[in-house]
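Peer 1: The substrate binding site annotation in TrEMBL covers Arg44, Gly45, Ala46, Arg74, Gln174, Asn225, Lys226. If you look up TrEMBL, you'll see Cys135 marked as site 'Transition state stabilizer'. The active site, proton donor annotation in TrEMBL covers Asp215.
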Amino acid sequence: MRTIDWVDGAVELVDQTLLPDKCVMLRIHTVDQLVDAIRRLAVRGAPALGVAGALGVVLAGGDPELIARLRAARPTAVNLAWGVDQVAEHLPEGPGAVLAAALRVRDADIAACRAMGERGADLLAGDRLRIMTVCNTGGLAAVERGTALGVVQTLHERGRLAEVLALETRPLLQGARLTTWELARMGAPHRLIADSAGPYLLAKGEVDAVLVGADRIAANGDTANKIGSYALALGAERAGVPFVVVAPESTIDQNTPSGEHIAIEDRDEDEIVAFRGVRVAPEGTRAANPAFDVTPHDLITAIVTDQRIIRP
Ligand SMILES: CSC[C@@H](O)[C@@H](O)C(=O)COP(=O)(O)O
């Protein structure tokens, strides 16, 4: 199954808001529909957003206003703007060239994820690895295989995975809803943990490596990823556990010198005070909802890309 693809003249994508209860494909015909799907996280995860941006330019039919709106639908994952730009530069060559460029972005993601899986699994030492991860970085965050969870998949295929400890990833529960769903489909052993249990389990020696994805990697290696990643990086350093970022080269933003320049998406307060329409805090409670945090490069053991290993 592909998370996102171009099928019979439209974008098709898995509506991730409905998982794990239902696996429903959405057909997207307009940029407005695509921007809505991106904002409400029906499609999400940096590599999948890159492909959404690329395919969205085909839907935009050269309209610069639509392209600008698509490019800005979410601010933190650089892949979205990157995917748009990869395709938009072919607009003068006509619709055939635009579609071909968009499909190249899709195919490049499939190849990049496979390469990251291999390189990441080669990097990690040990035969029975216990991996901790946050958010969802699997096939649902890309096209076919994921980034950090792509490494987990490769380890599992090689018979080297003991267990995954997956953080539930408040407030939208990408870990509880999506990562567990993917790990179960892979047949990979896993347990779900509360986000706040991460550093404690690291301190107890229950983890061999922390693997996370990235939404934007600044030129100095500072890395924006799902909120909670920074706490894991601090816990991992204290426990002497490798903290490894797995992301395609397209997530590295050479135009952003360091983490303090990365725009962090602030999402709706309702996502914190309620879940799926059920209020969990007293009425009128205010909330802060940064969707990402920044892990400074000195806490990162290695960045595994589709082309190389960087030690920031
Ligand atoms: C391979 S996905 C890398 C990141 O995009 C992922 O870790 C993440 O933070 C996704 O956040 P989301 O808000 O679900 O789009």
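Every residue, even glycine, has its Cβ placed from backbone N, Cα and C.
Nobody curates TrEMBL annotations by hand; they come from automatic prediction.
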Peer 1: Taking ligand 1 as the reference, state which of the binding-site residues Arg44, Ala46, Arg74, Gln174 have a Cβ closer than 6 Å to one of its atoms.
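Peer 2: From Arg44, Ala46, Arg74, Gln174, counting a Cβ under 6 Å from ligand 1 as near, the near ones are Arg44, Ala46, Gln174.
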Peer 1: At the level of the C-alpha atoms, what whole-angstrom distance separates Gly45 (substrate binding site) and the residue listed as 'active site, proton donor'?
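Peer 2: Each residue's Cα considered, Gly45 (substrate binding site) and the residue listed as 'active site, proton donor' end up 8 Å apart.
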Peer 1: At its widest, how many Å does the recorded substrate site span between Cα atoms of Arg44, Gly45, Ala46, Arg74, Gln174, Asn225, Lys226?
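Peer 2: Per the listed residues, the maximum Cα distance equals 17 Å.
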Peer 1: Determine the minimum-neighbour residue: among Arg74, Lys226, listed as binding-site residues, which Cβ has the fewest other Cβ atoms within 10 angstroms?
Peer 2: Arg74
Peer 1: Which residues, same chain and not among Arg44, Gly45, Ala46, Arg74, Gln174, Asn225, Lys226, have a CB within 8 angstroms of the centroid of the CB atoms at the recorded substrate site?
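Peer 2: Neighbours found: Leu49, Ala77, Cys135, Asn136, Thr137, Ala141, Gly213, Asp215, Ala291, Phe292.
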Peer 1: Which one is closest to the residue listed as 'active site, proton donor' in space, judged by CA to CA distance, out of the binding-site residues Arg44, Arg74, Gln174, Asn225, Lys226?
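Peer 2: Nearest candidate: Asn225.
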Peer 1: Among Ala46, Arg74, Lys226, these being the binding-site residues, pick the one whose CA is nearest to that of Cys135 (site 'Transition state stabilizer').
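Peer 2: Answer for the nearest of the binding-site residues: Lys226.
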Peer 1: Just name the most isolated of the binding-site residues Gln174, Asn225, going by other Cβ atoms within 10 Å of its Cβ.
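Peer 2: Checked Gln174, Asn225; of these binding-site residues, fewest Cβ neighbours within 10 Å: Gln174.
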